[in-house]
Amino acid sequence: QMEPVSNGNLPPGFDPSTCRSVYVGNVHPNVTESLLIEVFQGSGPVERCKLIRKEKSSFGFVDYYDRRSAALAIMTLHGRHIYGQAIKVNWAYASTQREDTSGHFHIFVGDLSSEVNDATLYACFSTYPSCSDARVMWDNKTGRSRGYGFVSFRNQQEAETAITEMTGSKWLGSRQIRCNWATKTNAEEKQETDNHNAVVLTNGGSSNAAMEANQDTGSKENPENNPDFTTVYVGNLGHEVNRDELHRHFYNLGVGAIEEVRVQQEKGFGFIRYSTHGEAALAIQMANGLVVRGKPIKCSWGNKPTPPGTSSKPLPPPIASYQPIAMAGVPQGFTAAELLAYQRQ
């Protein structure tokens, strides 16, 4: 009786009530079709499986004999790690279920909240009768919203009216959106996404916008293949998370030697520098989406390589977090004696 929550890139009006196929994204290159079938058979009998291989991250489609098995696969397998890589699972849809908007007028919509998906964006602009499509751009590596999208209109005048009326006055989720005409560059990005018959779920999360923009545009090098990158960027931190607490969370991962921890508490992000590139890569995989103080953190590569000659010395283990002990006759919380003992320690 349970239903999967589809937060991802689904066509506006898409009805999954009869769908029995799922899309599988972010698949490790070592995964084979037979392994994929073996994993997805746990949710029900698989009719067929198709894997499209890519150099860094493959994707595919799994067809079940019934809809219930497909829904169960989305609920239980989304986020499952195969070869250390979390797969994305959601409803699959045919490209024909989206209207051909190549000849339509496209506007850019920025400052989108992380919880906004295609259906939400389309609903916002559907007050304009000629609105034909809405598409939020997603990061294929993290499976999260990039914070912007595109809306298509059949009528140019309505598109222009939408830009004028919506910019700075319309709240969508937790932010005021901004609109403009789509440029040639980002329109090509939308077209590339349109041609990719796939959907990606996201578990939300946001972080300091300026820092995230810097992360996207800071270094043109590919950190995944550059051993000089050893720093992990950590975003979407609560303002109460300090350096010691962040150190504890990453130290508990046990993936390697931590050499530096920096936190910008007022801005909600920080950095963890490891001894090696491999340790940092493993930390990103393991910590991305980890819930800290009720918020899922966002992990990616720092935007700069570690400078040559940087001192390499592991930090001492962090101080264990103190938890008050309930004792007979002693109220819950810190007593003066306990605080003094803790300070001495």
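Cβ atoms here come from the backbone N, Cα and C positions, even for glycine.
Pulled from TrEMBL, these are the features on record:
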- 20-94: domain 'RRM' (DOMAIN)
- 105-184: domain 'RRM' (DOMAIN)
- 203-217: compositional bias 'Polar residues' (COMPBIAS)
- 203-227: region 'Disordered' (REGION)
- 230-304: domain 'RRM' (DOMAIN)
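Per DSSP, the secondary structure of the domain 'RRM' (20-94) breaks down as 22 helix, 29 strand, 24 coil.
Helix, strand and coil residue tallies for the domain 'RRM' (230-304), in that order: 20 helix, 26 strand, 29 coil [DSSP].
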